[in-house]
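Visitor: Sharing the features that TrEMBL gives for it:
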DOMAIN    1-435  domain 'Major facilitator superfamily (MFS) profile'
TRANSMEM  12-31  transmembrane segment
TRANSMEM  38-56  transmembrane segment
TRANSMEM  68-86  transmembrane segment
TRANSMEM  98-117  transmembrane segment
TRANSMEM  129-149  transmembrane segment
TRANSMEM  219-241  transmembrane segment
TRANSMEM  261-278  transmembrane segment
TRANSMEM  285-304  transmembrane segment
TRANSMEM  316-344  transmembrane segment
REGION    412-435  region 'Disordered'
Amino acid sequence: MGNPSGSKLGLFTALYSIGSIASLPFAPFIADRFGRRAAIVCGCVIMIVGAAVQGAAKNLSMFMAGRFFMGFGNSLAQLSAPLLLAEICHPQHRGRITAIYNCLWNVGAIICTWLTFGTKRIDGNWGWRVPAIGQGVPSIVQLIFIFWIPESPRWLISKDRSDEALNMLAKYHANGDINNATVQFEYLEMKETLRLEYLNRKTSNYLDFFKTRGNRYRLLIICSLGLFSQWSGNGLVSYYATDVYKSIGITDSDTQLGLNGGQNVLSLIVSVTCAMLVDRVGRRPLFIASTASMCLCFILWTIASSQQEAKGSAPAGRAVIAFIWIFNVSYALAWSGLLVAYTVEILPYKIRAKGLMVMNFWVQAALTINQYVNPLGFEHLKPTWKFYTIYSVCPPLFPSRVAIFANLVHRSGSSSSSFSSASSTSRPGAPRSKK
């Protein structure tokens with residue numbers, strides 16, 4: 001199938017995100033109308049088809065079509081899974097569990113890195129067919145076990161299936177005791193929250209984001225999170241690490257894969273550790289520490305790269321590797337776990353699925369631009385460090401960092417329902433006036 005480069009490589013990589021964007025309008029409808037589990041099942045089936053198409057590809061066009069299907073199915077599952085997780089978790093565990101959820105993409109990255117490390121030694125087409133087909137394995141596992149996962153109690157209540165919701169809460173939160181105080185509190189809180197949210201409208205639409213000051217503020221936050229999570233330089237490390245390592249003279253593929261595998265393991269450890277601390281440390285401090293350290297790392301990374309390319313300095317090259325690893329750790333402090341968890345926490349039930357879709361749209365839109373433009377940057381902007389300045393010192397990106405500091409509200413300790421519906425007319429998390 002050749003060795004695509006430049007704009008062809010950019011399109012090849014971006015098709016996954018393009019497929020994700022294409023399915024986003026359908027994801028909230030399926031999740032709200034037919035249930036969180038139904039949307040996950042649809043996504044898994046489509047991803048299995050996409051993996052099969054890639055594995056059986058006869059040419060580059062067929063392989064790219066498979067990537068599009070993978071992305072299309074991914075959005076359906078990726079949008080619904082955190083909703084289901086947040087809505088079935090015990091209140092004491094919800095913050096940590098939803099934060100850990102998004103950290104686990106590192107597990108997939110680790111498996112993919114070391115799988116390709118092994119299959120690159122296979123002669124012939126099976127060297128790439130095995131990893132392509134392997135993409136369908138997680139969806140098969142999820143498809144098998146999803147039928148043992150309970151449906152969201154909030155969704156059940158919204159469909160007038162309150163008895164099923166109460167039984168679910170009792171079974172999983174109190175060992176079957178319907179009269180348990182925690183179960184009764186959760187059940188009544190969900191019913192009251194949904195009653196208030198549906199008092200004026202039975203259905204929701206995207207205009208609801210503009211109807212109150214609180215929802216407009218939520219919209220600003222989730223759009224900022226989605227956009228800035230991918231325009232911080234992490235796309236270079238996640239998708240084009242090979243080009244980054246080549247720019248500092250590391251051309252051996254085994255060394256490149258080893259470095260990728262090692263940093264993914266480190267990112268998993270750091271991100272899960274920080275996710276376990278979100279309730280103790282707080283969301284906003286983690287975001288601030290993560291974003292500030294990422295900015296600093298990328299600037300130092302750019303400086304070290306310029307010295308390595310100008311003087312062929314071996315110490316500068318080693319410094320680039322170190323800053324790449326530190327950058328990954330910095331990203332893992334908050335963005336890996338809280339990108340989804342924080343979005344789910346601040347949205348009322350009525351617009352939660354649509355809000356997560358909006359956040360994912362900005363994630364995928366930013367990824368599409370990154371994945372298409374990055375190969376062109378490596379190809380046309382020489383020396384390479386000049387391309388890095390776009391991420392490290394480009395003026396339009398500085399307001400993004402400032403916006404994250406200013407817009408995020410501190411959230412810790414309250415339940416998902418009480419926090420997301422605390423105020424429909426003011427900024428979420430803003431202090432209320434005393435009467």
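Each residue, glycine too, has its Cβ placed from N, Cα and C.
Please go over these features one by one and say how buried each is and what sits next to it.
Guide: Looking at the domain 'Major facilitator superfamily (MFS) profile' (1-435) alone, the prediction's average pLDDT is 82.
Listed as Cβ neighbours of the transmembrane segment (68-86) (distance under 8 Å, sequence separation of 6 or more from its ends, same chain) are residues 15-24, 26-28, 30-31, 36-37, 39-40, 42-51, 53-54, 94, 97-98, 101-102, 135, 139, 142, 149, 151-152, 340-341, 344-345, 352-353, 356-357, 360, 364, 416.
Non-local neighbours of the transmembrane segment (129-149) in the same chain are 37, 40-41, 43-45, 47-48, 50-52, 54-55, 57, 63, 66, 70, 73, 77, 84, 88, 108, 112, 115-116, 119, 122; each lies 6+ residues outside the stretch with a CB under 8 Å from one of its CB atoms.
Same-chain neighbours of the transmembrane segment (261-278): 95-96, 99-100, 103-104, 106-107, 109-110, 113-114, 117, 237, 286, 324-325, 328-329, 331-334, 336-338, 341, 412, counting only residues six or more beyond its ends whose CB sits under 8 Å from a CB of the stretch.
If one looks beyond the transmembrane segment (316-344) by at least 6 residues along the same chain, the residues whose Cβ comes under 8 Å of a Cβ in the stretch are 82-83, 86, 95, 98-103, 105-106, 221-222, 225-226, 229, 232-234, 237, 241, 244-245, 248-250, 259, 262-263, 266-268, 270-272, 274-275, 278, 283, 286-287, 289-291, 293-294, 297-298, 300-301, 304-305, 307-308, 352, 355-356, 359, 363, 408, 411, 416.
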Visitor: By a Cβ-Cβ criterion of under 8 Å, what residues six or more beyond either terminus of the transmembrane segment (12-31) are in contact with it?
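Guide: That would be 4, 38-39, 42-43, 46, 50, 60, 64, 67-76, 78-80, 83, 239, 353-354, 356-357, 360-361, 364-365, 367-368, 371-372, 375.
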